[in-house]
């Protein structure tokens, strides 16, 4: 090669592979108010130091790759790289660590949950140096929160729209979830609404199948709503599931719901995707529709304790993307949910400011500034005997949703709805009178059965029903200390 055409490496660039921790592990780093902070549960492969594993997570979820590249010199790596700034062992677990990672805000597109997750939980979860990886929590800085519109309306606006205050809202998922004709489906909705429920609901997989096309369902459910409203004098709603195969079809269904004058639509935000969800949320805000969110597929992501993503992260993401309700588990029903963990992410959904509290699984203080709150929905295997516990656990700003606990009543849907409404009103009144729902709950329900035969029949049917299984997702504790106790 002639001297004129010879190319020399630029000064300062050295090709090859070097440990991630040399660049991305920075324990001396002081986090900024504008950083997005993440807490990862890291299980390294044998022989991989925790500092290297944490640094690898920071690198692969921000600016790094497996080898040094010359284009690093064309940007300010210190400005844009993620940093692992802390490592701590997980109590009671061998070879598991919490790695704290800080991401500069400029790594993320404004107002895009999709981009945020693509960066933070994109390729890194398949990284070979890690046996398992779980995103436990995120701190969203106020500077980034303000780029999101959040829920279409929020808790207070929903109460004003419905003219319902001072108690949890009551709902019911129509069962069987698949197979009913549109007319029979609408009839089931009407019976539940006239019996005293505030809402009925499409199940997550009710979209537009051969046995019941979406337009027919919307029409018959709207008829049920208006008929029940005329008879009861209360505002009613049905969560019309607008989830579809394309965003265009989803929005077409939402437009039709608005034209019918119904108050609320529904979306499966994980299977539908965050881009679709945010688009639907914007439409609902602009057109006065409430938005109910179902979390179908969440357990695929969040149920394993050492790999995936905790639901508190999915809950925060939903508040940013937009939704007025979201299913949150029940603590007492058939679906997964430990009490302290559940109450932790319920607060993250509803409150404006949440302090760090590791006893409830909250790793970071979170300030939502002016972003509206989301109503948690307790649903799954609950019935009238659970009403005192649900009222005590979730409080007024919640939706208590009884599917089988309404439709399984021996006298039919309307008496099932009556039983739930009577049980709720009895619990709210007892609480307001200063009684302890946690210790007097069963007595309160028994007293109410004396003047409600519908409630008495429901209590008899479900008196022996319990779902006593240990939760998979539990708080971290020192197992050796627990054994000594």
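Using N, Cα and C of the backbone, Cβ positions are placed for all residues, glycine too.
As the structure is a computational prediction, the values presented were derived from the model and not from experiment.
Per Swiss-Prot, the features are:
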MOD_RES   3  N-acetylproline
MOD_RES   14  N6,N6,N6-trimethyllysine
BINDING   123, 173, 177, 295, 327, 379  substrate binding site
ACT_SITE  175  active site, proton acceptor
MOD_RES   201  N6-carboxylysine
BINDING   201, 203, 204  Mg(2+) binding site
ACT_SITE  294  active site, proton acceptor
SITE      334  site 'Transition state stabilizer'
Query raised in the report: Between 177, 201, 294, 295, 327, which of the recorded positions has the fewest other CB atoms within 10 angstroms in the structure shown?
Result: 177
**Report entry** For residue 123 (substrate binding site), the number of other Cβ atoms found within 10 Å of its own Cβ
**Finding:** 11
Report summary line: Between the C-alpha atoms of residue 295 (substrate binding site) and residue 175 (active site, proton acceptor), the distance in angstrom, to the nearest integer, is 18
Query raised in the report: In the same chain, which residues outside the set 201, 203, 204 have their CB within 8 A of the centroid of the CB atoms that define the Mg(2+) site?
Result: 173, 174, 177, 202, 205, 206, 239, 241, 266, 294
Query raised in the report: CB neighbours of residue 203 (Mg(2+) binding site) within 10 A?
Result: 19
Query raised in the report: What same-chain residues, at least 6 away in sequence, bring their CB to under 8 Å of the CB of residue 175 (active site, proton acceptor)?
Result: 203, 403, 404, 407
Report task. Using C-alpha positions only, work out which of the recorded positions 201, 204, 294 is nearest to residue 123 (substrate binding site). Result -> 294
Query raised in the report: Cα of residue 177 (substrate binding site) to Cα of residue 294 (active site, proton acceptor): how many Å, rounded?
Result: 14
Query raised in the report: For the substrate binding residues given in the record (123, 173, 177, 295, 327, 379), what is the largest pairwise C-alpha separation in angstrom?
Result: 37
